[in-house]
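Asks: Sharing the record's features from Swiss-Prot:
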- Cys333, His384, His510: Zn(2+) binding site (BINDING)
- 1-61: domain 'TGS' (DOMAIN)
- 242-533: region 'Catalytic' (REGION)
Amino acid sequence: MLNITLPDCSVRQYESPVTVAQIAASIGAGLAKAAVAGKVNGKLVDACDPIVEDSAVQIITPKDQEGIEIIRHSCAHLVGHAVKQLYPNAKMVIGPVIEEGFYYDIATEKPFTPEDVAAIEARMKELIAQDYDVVKIMTPRAEAIKIFQERGEEYKLRLIDDMPEVEAMGIYHHQEYVDMCRGPHVPNTRFLKNFKLTKLAGAYWRGDSNNEMLQRIYGTAWATKDELKDYIQRIEEAEKRDHRKLGKQLDLFHLQDEAPGMVFWHPKGWALWQTIEQHMRKELNAAGYKEVKTPQIMDKTFWEKSGHWDNYKDNMFVTSSEKREYAVKPMNCPGHVQIFNNGLRSYRDLPMRLAEFGSCHRNEPSGALHGLMRVRGFVQDDAHIFCTEDQIVSEARAFNELLVRIYKQFGFHDVSVRLSLRPEKRAGSDDVWDKAEQGLREALTACGVEWGELPGEGAFYGPKIEYHVKDALGRSWQCGTLQLDFVLPERLDAEYVTENNDRARPVMLHRAILGSLERFIGILIENHAGSFPLWLAPVQMVIMNITENQADYCREVAAKLQAAGFRAELDLRNEKIGYKIRDNSQYRFPYQIVIGDKEKQENKVAVRRKAEDLGSLDLDDFIAQLQQEITDALVNH
């Protein structure tokens, strides 16, 4: 007899072997119908997999996150089933789960159209309505190869070649369609009803631009119809907020093919940039940072010594001059070590906090570029803290407090923390990494924050704390980082004189709050839907006259507002006021000021905040109100 322990600690006995589906059926008909898969001793398995020894078992249903991911993975297989019925010559590649969805890469003779995707979705719905069972068969490797050879699935054969030698692999049968996978998958298509194909894109085989282009069909799937509806509404809202669309509408920036991954900032966009940079500079100065500037291009030997050449060369732009090879800096950290090394440093100089709005370039694949979110040329609000081991915790706490306050100023109140641990490709010994990872854990504990850990996600030179902000649509964006580095000071021979007159290596803390300014501005645009808070708006108000008679007074009002430090624009066009209000509304200025004869005579301004009419105000009172609004945002949050 088998002893099966359930999550409530109850134990049930079964004849050996028993499947997850059979266990669910023995508990109740409702659970049997809802069972998507199972978890046996912590490992996900198909509902049909046999259990042959005493085990702890959990029934996975669509209510579980694992259940949702299994549904999404099975929907990807269903895409394959529909595509092969409609386009028999298509070659299936891979179909993984991604955040809130899935995709399938497909090799086709000609690109799919939106109409093709609609036809694929319709066929998927027809297949779901057939309510067929998905059958898993563990198949010998040689037989699996034969199956895909007979079907002409060359990409599946390439994938099998890359796999470790195994006796058998899971082949999932969707009626006449077969696909290979580690699984698990749903036992029946009835679980796949709440899905939607969302977009079509191109993707290179293995993500390499030297390889052939494939067609990628994206989709999403959920446990219930309401969850799917909510997701679609969120996607539609996200499309309205797309920073690329709003960047053009608000006249902030543009990108063009002649400079891939590089941004052309327009006057309004550059005003937004400068507002952010100047605000950050003020905050950093108050926190004891010293601003520096380091070269854009440095000799190859410098990057070899820092370790970047061995670990990051493929992402660096390289040039040569006068028989010397140079690299454009992808990071600011090695340059900051040179400033630290320029002179004899004492323990009394520590902590030394060096900040730079550093312009960096990384050779990102062209297919990965995406508006402001993924660029090749960018500026980081970068800083490096050189300190002793005893100062790590206090510096981490101070940084955490600074970061949280700044995020609140920008409108982000929901911040989550993750600790990224050593990657496979790294510099430094395991002892050094043990020390660095434990140092960050102690720092996070001292900050009183909860965190999750991400094995393998650290930088090559050290572990890092990642700060993720949640935007108005509930999306999470990684912005801030704090990285602990014992490696670079050693490689670049950084040292200081200790209290005992010995020489010691400083600890180096790499930290950023916004990350890439370009990307952070993209996040801000989408979070605020282009309707920025007053202190941040590139144009804070527009002043409009009703007739030419008020033009001079409009200029006086603009001059007074500008003298008070506000970014005010004039609209004195010979147009009806209703038209000017509507036209300026598209730019989402925080305030619109309308001036007619009455306002001119009474030395007042008629104020509209977004769509709200605030009435006629004394100009000095209005300025005081604006100043208080900014104080509330930046000081009182």
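Backbone N, Cα and C define each Cβ position, glycine as well.
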Asks: Using the structure shown, find which entry in His384, His510 (the binding-site residues) has the sparsest Cβ neighbourhood within 10 Å.
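Replies: Counting other Cβ atoms within 10 Å of each of the binding-site residues His384, His510 gives the minimum at His510.
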Asks: Mind tallying the domain 'TGS' (1-61) by DSSP state, helix then strand then coil?
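Replies: Helix/strand/coil tally for the domain 'TGS' (1-61): 14 helix, 26 strand, 21 coil.
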Asks: Mind giving me a neighbour count for Cys333 (Zn(2+) binding site)? Other Cβ atoms within 10 Å of its Cβ, every protein chain shown.
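Replies: If we count other Cβ atoms within 10 Å of Cys333 (Zn(2+) binding site), we arrive at 25.
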Asks: Report the residues of the chain - excluding Cys333, His384, His510 - with C-beta within 8 Å of the mean position of the site's C-beta atoms, for the recorded Zn(2+) site, in sequence order.
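Replies: Everything else in range on the chain: Met331, Asn332, His336, Val337, Asp382, Ala383, Gln483, Asp485, Leu488, Met508, Leu509, Arg511.
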Asks: Restricting to the domain 'TGS' (1-61), report the mean pLDDT as a whole number.
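Replies: A mean pLDDT of 94 is what the model gives the domain 'TGS' (1-61).
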